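Worksheet: one structure, shown below.
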Amino acid sequence: MEQAEKHPSYLQHHFADMAQQTDAAKLGMWVFLVTEVLLFGGLFGFYTFFRAWYPEMFMEAHKYLDVTMGTTNTFVLITSSLTMALAIRAMQLGKKKQTIAYLAGTLFFAAVFLVIKYFEYSHKFHMGMLPGKFYTFEGIQAANPHIFFSVYFTMTGLHGIHVIIGMIIITWVMIRTMRDEFSPEYYNPIELTGLYWHLVDLIWIFLFPLLYLIG
Amino acid sequence: MSVATTANYLNAEKGIKSWLFTLDHKRIGLMYLFAVMTSFFLGGVFALLIRLELLHPGQDFFTADTYNQLFTLHGAVMIFLFIIPAIPAALGNFVLPLMLGAKDVAFPRLNLASFYIYVVGALFALYSIVAGAVDTGWTFYTPYSTTTSTSVISMTMGAFILGFSSIFTGVNFIATIHKMRAPGMTWFKMPLMVWALYATSIIQVLATPVLGITLLLLVIERTVGIGIFDPAMGGDPVLFQHFFWFYSHPAVYIMVLPGMGIISELVATFSKKKIFGYKLIAYSSLGIALISFLVWGHHMFTSGQSEFSSMVFSFLTFFVGIPSGIKMFNWLATMYKGRITFEAPMLYTIAFMFLFAIGGFTGIMLGAISIDIHMHDTYFVVAHFHYTMMGGTVIAFLGGLHYWWPKIWGRMYNEKLAKVAWAFIFVGFNVTFFTQFFLGSQGMPRRYYNYLDQYQPLHMYSTYGSWMLGVGFLIMAYYLIYSIYKGPKAPNNPWGALSMEWQTTSPPIQHNFEDQPVLEHEPYDYDTRMVVNDELIKKEDVKEKEDINV
Amino acid sequence: MDPNGSLIFPSQVSTIAPEVDALFDFILYLSIIFFILVVGGTFYFAWKYRKKGEDTFTKDLSHNNMLEVLWTVIPTILVFIIFVWGFKSYMKMTIPPDTSMEIKVTGQKWFWTFNYAEGATTTNELVVPVNQPVRLLMSSNDVIHSFYVPNFRTKMDVLPNRYTQLWFEATETGEYNLFCTEYCGKGHSEMIGKVKVLARADYDAWLAGAGNAGANMKPEEFGAKLYKDKACFTCHSIDGSPLVGPSFKGIFGRTEKMTDGSEITADENYIRESILEPQAKVVQGFQPIMPTYQGVLKDEEIDALIAYFKTLK
């Protein structure tokens, strides 16, 4: 059982050493992030086509988005990215309590983002600015304004789902932190969660100007 | 079921749970194999029913609606459930870590997850049959797919979910190939099958999400009517085609690249020759993967896209043909001055060369825009993609299946029956599909349930051919299943191959290798190494002996 | 197969057809040469280098730069020639000459309608003069269709949200098949029409008479002709078997249950309404998918159809 001594509990049996496991996990995560980028890339593609076909409509319709709320949300998410990075830093230094606090902070900001989004959505619902065939708002003169809101709701909706998934994963690594599963030698899951969370933020940073700040 | 005396991955753990929750890439590969073979059987039955209806013009066995559902199911099942996962997820899962000298793939849990995601996706797809089968064709073209009354949602959701399974396999393989190679195995000492799987994984990871989002939008379009594909609401149905083919053209290389990888292995092993132009074959796989993203518009020469786009797409299409041609020449050159034997895998290799050449040449014809205008959506296209997908990928898959079968089960199949089945499949395939080239060039449109009398003779031969194919596959099913239970015990290295998967036992032990293997010779060093009765003979040693004797 | 055609192609009846076939033949001959080279080579090597006797080491032939460059460069040059050739013919196909006459084409489930500038309207029968460039301006009323005439080697999708165009110049008189090649549902394989190519004089005579077709016919005969010409038969049989829609056999005076539960006896007004507003009342067991014939059928044509239905006992 010499093998067992060399193998700490968090090193999976099929890897030769920690470096191999960490590298593989990181590479895997980066590749997965690429697929996420392409998933949203598809949506950005649709956005581009429709904006090119209906430029005036996009100009007019985007004015009905709340720039204040959007800007606030942008700052909220950037802050959450910061707390996420600080959580990783804290675990590198072996400060468990700080790590938990920063992860909780990240969760808090994510929740704030969703609450603000909820107010934005409910306002749109109330005004009848719904996607596609449910669109009833009459304040926009240009043709096919429902397309803008179809695009808006699909893009921000899919992003919102990613925020929720991110919150679930953050909660999971937080519980694992509480259970003392991580140490300065092994904190890979937190780091990978961080990578994912930064991507979620990054996508918002593209969504925000493209939807809220046209023209 | 196994009489093998040594412990191996098949008998190490017992009980249904040890299979359902296994993290062993070999067992997951086998579960995939079982699933894709079931799908292949289903898709094959649909195909036979389609051919049966087309035996005579007019309504014989099915109504137009049933026929439309049959060809949709045939396409969707064969593509999403069989051919995309067949080589990477089933065979690739089994052999990739073995070829790299690794204990497992990088992420075993993700591997199992991807299998169950496949199962869930398959259930969605099959549920659509019960819920009023889809009749859109596997391409789901809008606006037909957004207006038909059939269960498009469950089928597209199925394809969407299957996409994730494919992405996870791709992510897993990329990380495995980068990080899990045995000591000494540099990039250019990997077997070419690994290069092919690597190129395939890149396409899976890059293209699948775009199809995912497109299908998701189609589902949202049908459920809440967002209007982006609906011409009445300012949307554009042709946009769907662009996004669909942006995935689905690279996807044909997801299907065929691993097949080419298998052929590279087989041609070297059964010619006992160093593969010719290793680097060119490896680079051409990557070349195909990259160019494949830039040719989707060649499915749309008649869709009203601009002449300029058509020109660019036609131009690029020819350049995706070149790397495939290069591989053909390299395989041919590998056989030169070899020491060729003709077991079933080699017969499939020869069949592949024959059929894929025809598939490739007709592809060049279709790449020329003016000819494609005439041939588009006729049986010529149907015949062309069956020659590449079935004559190429499926034939390579069968070659690989026979090649690795002794490694998988530790049993040999019946070589004589295998040759008989091969003959039925090879002849049956050509009778079924060569006739369809003529049907197509004579103007017979595809997806026709009924047709003009003038096309009847060729349709009849095509149907007869499909029966021969059916017989071939039945024979194969018989001797393969028989061999699992009663086949003679297989040696560790029945073909005398030099890549790493043959250096462990047949079937492999649970963790693949007793000790971490180290690369001692390259996978195709047949000029200095040979394996006779599981024993490695080195040229140096033979020479020394001869010198001593002299 | 087309008795006037070759083994591979139906007969060439448009100005572009010989060009398409010539390129095809060029690629075909190249393919045969390469097929013999590669696949013939495979068989030859397989036989020549088959294992004879004992196992031996094989030669170390790992690559040959000259050969590999050759079989990369030669095919590249060849496909480049093919590309240029194919694209040139394609440009000829896409740009209609200024002298073209124009016909409006409408595709819908599952028939074609052709509107002539002179006022004539035909269904599933495109009549054109020989040796005259014809430009078709096409659109669809529902899903995507595709207009394909094998003898002309020409094809173009017909879209619901924009016009597409296609042009051809027929070179021989006769009747040629017209297919829909974009899958469009249940009646896709019945969406077959004819292209009738007439000599100039015949065409002019036809066009003059097309406006008042049926003038010299009994109403029920004219109705029978319309049943065929307007493709009613695609969905409605006259032998009692239900197709996409109910059969016309004995339709007049028949009492049918509607999807809303009411019962209606088919009289002149009901039939007229069903032709012009098909979705107003739908017989139980059938789907509300019939397109309207408003603008396609004139009043006297509807009268003729009703007269014809009365004869179908």
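Cβ coordinates are placed from backbone N, Cα and C, and glycine is handled just like the others.
Any TrEMBL annotation is an automated prediction that lacks curation.
Copied over from TrEMBL, here are the features:
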DOMAIN    B:19-520  domain 'Cytochrome oxidase subunit I profile'
TRANSMEM  B:30-50  transmembrane segment
TRANSMEM  B:70-100  transmembrane segment
TRANSMEM  B:112-133  transmembrane segment
TRANSMEM  B:153-175  transmembrane segment
TRANSMEM  B:195-220  transmembrane segment
TRANSMEM  B:240-263  transmembrane segment
TRANSMEM  B:275-296  transmembrane segment
TRANSMEM  B:308-326  transmembrane segment
TRANSMEM  B:347-371  transmembrane segment
TRANSMEM  B:383-405  transmembrane segment
TRANSMEM  B:417-439  transmembrane segment
TRANSMEM  B:459-481  transmembrane segment
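Within the same chain, residues 72, 76, 80-81, 84-85, 88-89, 92-93, 96, 105-107, 110-111, 113-115, 117-118, 120-128, 131, 134, 136, 140, 145, 197-198, 200-205, 208-209, 211-212, 215-216, 218-219, 222-223, 254 sit at least 6 positions outside the transmembrane segment (B:153-175) and bring their C-beta atoms closer than 8 Å to a C-beta of that stretch. The transmembrane segment (B:195-220) and the transmembrane segment (B:112-133) are not in contact, since fewer than 3 Cβ pairs between them lie under 8 Å (pairs 6 or more apart in sequence). With a cut-off of 8 Å on Cβ pairs spaced 6 or more residues apart, the transmembrane segment (B:383-405) and the transmembrane segment (B:70-100) reach 3 or more such pairs and are scored as touching.
Outside the transmembrane segment (B:417-439) by six or more residues, the chain places 51, 344, 347-348, 351, 354-355, 358, 362, 378-380, 382-384, 386-387, 390-391, 395, 398, 402, 455, 458-459, 461-473, 475-476, 478-479 with a CB less than 8 A from a CB of the stretch. Taking Cβ pairs closer than 8 Å, the transmembrane segment (B:70-100) reaches residues 25-26, 28-30, 32-33, 35-36, 39-40, 42-43, 46-47, 49-50, 53, 62, 111, 114-115, 118, 121-122, 125, 129, 133-139, 155, 158-159, 162, 165-166, 169-170, 173, 176-177, 180-182, 185, 190-191, 193-194, 197, 200-201, 204, 251, 254-255, 258-259, 261-262, 389, 393-394, 396-397, 400-401, 404, 407-408, 447, 499-501, 504, 508, 512, 523 in its own chain, all 6 or more past its ends.
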